[in-house]
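Visitor: Sharing the features that Swiss-Prot gives for it:
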type     : residues : note
REPEAT   : 124-146  : repeat 'LRR 2'
REPEAT   : 200-222  : repeat 'LRR 5'
TOPO_DOM : 26-295   : topological domain 'Extracellular'
TOPO_DOM : 324-674  : topological domain 'Cytoplasmic'
TRANSMEM : 296-323  : transmembrane segment
Amino acid sequence: MGMEALRFLHVIFFFVLILHCHCGTSLSGSSDVKLLLGKIKSSLQGNSESLLLSSWNSSVPVCQWRGVKWVFSNGSPLQCSDLSSPQWTNTSLFNDSSLHLLSLQLPSANLTGSLPREIGEFSMLQSVFLNINSLSGSIPLELGYTSSLSDVDLSGNALAGVLPPSIWNLCDKLVSFKIHGNNLSGVLPEPALPNSTCGNLQVLDLGGNKFSGEFPEFITRFKGVKSLDLSSNVFEGLVPEGLGVLELESLNLSHNNFSGMLPDFGESKFGAESFEGNSPSLCGLPLKPCLGSSRLSPGAVAGLVIGLMSGAVVVASLLIGYLQNKKRKSSIESEDDLEEGDEEDEIGEKEGGEGKLVVFQGGENLTLDDVLNATGQVMEKTSYGTVYKAKLSDGGNIALRLLREGTCKDRSSCLPVIRQLGRIRHENLVPLRAFYQGKRGEKLLIYDYLPNISLHDLLHESKPRKPALNWARRHKIALGIARGLAYLHTGQEVPIIHGNIRSKNVLVDDFFFARLTEFGLDKIMVQAVADEIVSQAKSDGYKAPELHKMKKCNPRSDVYAFGILLLEILMGKKPGKSGRNGNEFVDLPSLVKAAVLEETTMEVFDLEAMKGIRSPMEEGLVHALKLAMGCCAPVTTVRPSMEEVVKQLEENRPRNRSALYSPTETRSDAETPF
């Protein structure tokens, strides 16, 4: 090789070396801090400014950036005390490639942007909590390339598109994956490795989306899963037997289109609510028994056929004897007679030329004449009827609810529900005393008349001599409502959903004892009217977010409405549409979230509730606020049951309850001790 050639090679080598050094310098100069500030912040924030993300700037120490945690390559966390050393100034940290993002936690942070593709570039990122925001767009493929990620919560956003298959790349580390309450759709992708078991995965929540297709059977290979939620999607077909093998502690398959026989879950605690809202053909414990089994083995089928053939002779002979005996009967019971018999809790029926009165416990003294001749005074009008205060001939009063024509289901569907409602007796529920149906189909529900004020008027109306509402009194009202709801949900063989919880449907007496009205009425209404009730709940601010899709109330939607009601009690603010033209909407949970972010939580409480309170924390106000926000969680499975709500309210009573026993004290009369 000549000298010129050697010189040429030396020059080439020199330039390659310079280029390599330049590239290395560039890479070392780019850090997770720069990436977060340059790409992630703008993408997540969107068009509206987030108070949390405002701390992400060069003038604020990196360790004080809100919603993030940092760690060095050696595993030691970044502490603010480190900034006392010159080597840990913001300038040096911005360029330090050994500083890594460990956790991104920004729930309820008013994020209106999208998930950036660059999120996959954080090599040591372990947790991403971006739930309860307004993020849109798709889940980037690159999220599945974050090799250290173990906890992901993207619930309660507006993410759309399909779930990228790369998500299952995280299987080795993933412990919890939640995307509940988005607009994701399509068939769930299977892991690339056919035998992938996602051994560490414990929580998988894909509910509240639009996923379709058959049950994703690969999930049955995830042996470590303890909590599985596929609710409120459009899955269909059979639920695989393999699901029964998993050691699940929580399961929700409700509001899909699953059919056939459920697998054997052994001695599980799953109730019917875990499977409600599917195809009527879905059967097996805890639902109705299956008429025939689609899972029988060939041997079992053969045995069943032989048994049926041998039993056919016996059945035929019994049937002949029964028919011969039937002919000898002198009278045949009508369908109505059969429908109205054998009701142990029903006191009796009183029939006349104008219709039929079915009376329940406490309504024994009512007669048809009493009901038809009572003089009425309109108390309230709703989309499905009118409530009257009716004066009886003996001077007593009853409350009559006349159901609007066309609102109620047919008699055969309506009467069993009416009878169930007539059996309910609880001190925090207004009892149904009787039911009247006229010859022309008119229907009346008859209740005790209670000359009490509604909670709505107590909180929001300015009336003379209205009692002061200190915290002790508000707590008693809230606890009474919770107890009534808990009884509806768990105190019956068949749970009752209230379906219309609002402050107008709570009556409060002079001693601040609360009673719920209008429970269970959606069950007797035709679907169009039931939908109207749900729409009104949205207008009034009590509608649970999942009802946008399924429009069928359930215990969890009752819990959500109770959470709004508890916030209304604590804050003294009316939820829902407001203003002269109803063009403003008051979202109570959002007001609380904003106050928490701005560190002004104490300002959300009604001043009247705060009177005399030295420590809202000790008096249970702050705990009640947290409980209310838990009830209002966008993800249904996060919400507590009403039994748990009652327990928490009982355990966190106001310390000074003396003001409960002064019912005559009013806002204008005296200073409340609270």
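Each residue's number is its place along the chain shown, starting with 1.
Heads up, the Cβ atoms here are built off N, Cα and C, so glycines get one too.
Surface or core, plus neighbours and distances: that's what I need for these features.
Guide: Taking Cβ pairs closer than 8 Å, the repeat 'LRR 2' (124-146) reaches residues 44, 46, 71, 73, 100-118, 152-170, 178-179, 184, 593, 634-635 in its own chain, all 6 or more past its ends.
Panel annotation: around the repeat 'LRR 5' (200-222), residues 150, 155, 163, 171-188, 190-191, 228-240, 242-243, 245-246, 252, 258, 546, 549, 635-637 of the same chain, lying at least six beyond its termini, place a Cβ under 8 Å from a Cβ of the stretch.
Summarising model confidence by region, the topological domain 'Extracellular' (26-295) averages a pLDDT of 85.
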Visitor: What are the helix, strand and coil residue counts for the repeat 'LRR 5' (200-222) according to DSSP?
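Guide: Counting residues per DSSP class in the repeat 'LRR 5' (200-222), I get 5 helix, 8 strand, 10 coil.
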